[in-house]
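Have a look at the structure below before the remarks.
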Amino acid sequence: KSCCPNTTGRNIYNTCRFAGGSRERCAKLSGCKIISASTCPSDYPK
């Protein structure tokens, strides 16, 4: 599961993934986190 700090980060992550980027690379690029839990932390709500 990916969690982003804001909508902009989420959009960057989604665009990166759509373009064929890996989850890790896209998370790093967009400032998002990849987590194993089912719910995102409050500081990464998107």
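FYI, residue positions are counted from 1 along the chain as it appears here.
Note that Cβ sites are derived from N, Cα and C of the backbone, with glycine treated the same way.
Here Swiss-Prot flags Cys3-Cys40 (among others) as disulfide bond, drawing on experimental evidence. On its own chain, Cys40 (disulfide bond) has Lys1, Cys3, Lys46 as residues at least 6 apart in sequence with a Cβ closer than 8 Å to its own Cβ.
Swiss-Prot lists Cys4-Cys32 (among others) with the feature disulfide bond. Around Cys32 (disulfide bond), the same-chain residues six or more apart in sequence whose CB sits under 8 Å from its CB are Ser2, Cys3, Cys4, Pro5, Gly9, Arg10, Tyr13, Cys26, Tyr44, listed in sequence order. In the three-state DSSP scheme, Cys32 (disulfide bond) is classed as coil.
Per Swiss-Prot, the feature disulfide bond maps to Cys16-Cys26 (among others). Taken residue by residue with DSSP, Cys26 (disulfide bond) is part of a helix.
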Cys16 (disulfide bond) in three-state DSSP notation: helix
